[in-house]
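One structure below.
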Amino acid sequence: MEKALVLRFLAGVYYIKDLETQIILEAKKRGKLKTLVIKTTQKENSSASDFIIKVGDIVLYELSCDTYLIQSILPRKNELKRPNVANIDQVLLVFSLVKPNFQFLLLDKFLLILEQQKLDVVLVFSKIDLLEPENFKTMQQQLSYYQKFQHFYYINSKQKIGIDALKHIFANQITVLAGQTGVGKSTLLKVLIPDAQLKTQEISESLGRGKHTTKNAQLYDFNGGFIVDTPGFSKLDLTTFSPRTLKNFYPDFLEHVCDCFFGESCFHLQEEKCGVKKALENGQILPSRYQNYVIFCEEIKNQPKY
C-alpha cells in the first residue's frame with residue numbers, strides 16, 4: 001500500500017496527495033478501516049473521531065477495481081475536532097480589529113483551547129485600515145501584552161499590508177487558518193494563494209457577524225508547506241477543561257505560581273497570598289486576561305458534568 005496526505009473531503013470523495021509521486025488522486029474510504037492504529041499525544045484511548053478521516057491525515061491506500069481505497073490511517077501527532085484537522089504544526093489565529101469587533105474574551109478562549117492542544121499559535125490581526133490611527137495605537141498597546149508568549153502580525157489583506165512579513169512562517173509547516181467567522185481568513189488566503197478560487201463575502205450588517213465562506217476544511221500547497229483553510233465558527237466551549245486544571249493553561253499565570261502560598265494548588269480566585277493576584281495588582285497581568293479567566297472558571301463550574 002502507498003502513503004498519501006489527505007487534502008480535502010467533498011461529497012464522499014477524499015482528495016489525497018501521494019507522498020512519493022506527489023500526484024493528487026480521488027479516493028474513497030474502505031467500508032471499515034482495516035488497520036486503525038491511531039494514537040495521539042493528546043489521548044490514549046480510542047474515540048469516535050478515530051474512525052473519521054481528517055484533512056491532514058496520513059493514510060495508506062491501494063487501487064482496487066479501478067478505485068483508490070483508503071485502507072487505514074497512520075498515527076496522528078495531534079488533531080482538532082472543530083475544525084476537523086490532524087497533524088498540525090501551528091495555528092494561524094486570525095482576528096479582525098473591527099467588523100466583527102475585536103473581543104479579548106474570544107482571544108483568550110481560543111488561546112486557552114489551543115494551549116491545551118499543545119499547538120503553536122501565531123496571532124494575526126486584520127482590517128487595520130478600518131481603525132482610526134489613535135484607536136489603532138490604543139489597540140496595539142493593549143495587545144502588546146500577548147507578545148511575551150505569542151508571535152503576531154498586523155495586516156490589511158486587501159491592500160497587502162503586512163503580507164510579505166507573514167509568508168515565511170508557512171515554510172515546512174502545516175498551518176491551520178482559524179478564527180471567528182468573517183475576520184478575513186478567506187481574503188488572506190486568496191492574497192497568499194490567488195488561484196485558491198475562494199469566494200469572500202461581506203459582513204452581514206444586520207447581524208454584525210460573518211457569513212460562512214469556507215464549507216469544508218481544505219489543504220493547500222504554499223511556500224514549501226501547507227495551509228489548511230477551515231470553516232469559520234464563532235462558538236467555543238470549555239467542556240474538556242475542569243476547574244482544577246484550567247489555570248495550568250495560562251503560561252503568563254504559571255510564571256507567578258511560585259509566589260502563591262498554596263503553590264500549584266492555588267486557583268487564583270479567593271485565596272490569600274496569591275502570586276497571580278499580586279502580579280495583577282502590580283500590572284504584570286492584563287486585567288482583562290484575569291477577568292476572562294474568572295469568567296471561564298464560572299462557565300466550567302456551570303457545565304452539566306460539574
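Cβ from N, Cα, C; glycine included.
Summarising the annotation, Swiss-Prot assigns GTP binding site to Ser126, Lys127, Ile128, Asp129, Gly179, Gln180, Thr181, Gly182, Val183, Gly184, Lys185, Ser186, Thr187 and lists sequence analysis as the type of evidence. The Zn(2+) binding site annotation in Swiss-Prot covers Cys260, Cys266, His268, Cys274 and is backed by sequence analysis. What Swiss-Prot records for 77-236 is domain 'CP-type G', and it gives sequence analysis as the kind of evidence.
Swiss-Prot feature annotations superimposed on the structure.
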residue: Ser126; record: GTP binding site; Cβ within 10 Å: 27
residue: Ile128; record: GTP binding site; Cβ within 10 Å: 19
residue: Gly179; record: GTP binding site; Cβ within 10 Å: 26
residue: Thr181; record: GTP binding site; Cβ within 10 Å: 20
residue: Val183; record: GTP binding site; Cβ within 10 Å: 28
residue: Lys185; record: GTP binding site; Cβ within 10 Å: 29
residue: Thr187; record: GTP binding site; Cβ within 10 Å: 20
residue: Cys260; record: Zn(2+) binding site; Cβ within 10 Å: 21
residue: His268; record: Zn(2+) binding site; Cβ within 10 Å: 24
residue: Cys274; record: Zn(2+) binding site; Cβ within 10 Å: 21
| field | Candidate binding-site residues Cys260, Cys266, His268, Cys274, pick with smallest Cα gap to Ser126 (GTP binding site) | value | His268
| remark: CA pair His268 (Zn(2+) binding site) / Gly179 (GTP binding site), Å rounded to integer, equals 28
| said: Nearest of the binding-site residues to Cys266 (Zn(2+) binding site) by CA-CA distance, picking from Ile128, Gly179, Thr181, Lys185, Thr187? | reply: Gly179
| field | Secondary-structure category, per DSSP, in which Ser126 (GTP binding site) falls | value | strand
| message | Can you give me the average pLDDT across the domain 'CP-type G' (77-236), rounded to a whole number? | response | 83
| request: Would you measure the largest Cα separation among Ser126, Lys127, Ile128, Asp129, Gly179, Gln180, Thr181, Gly182, Val183, Gly184, Lys185, Ser186, Thr187 for the GTP site and round it to whole Å? | output: 19
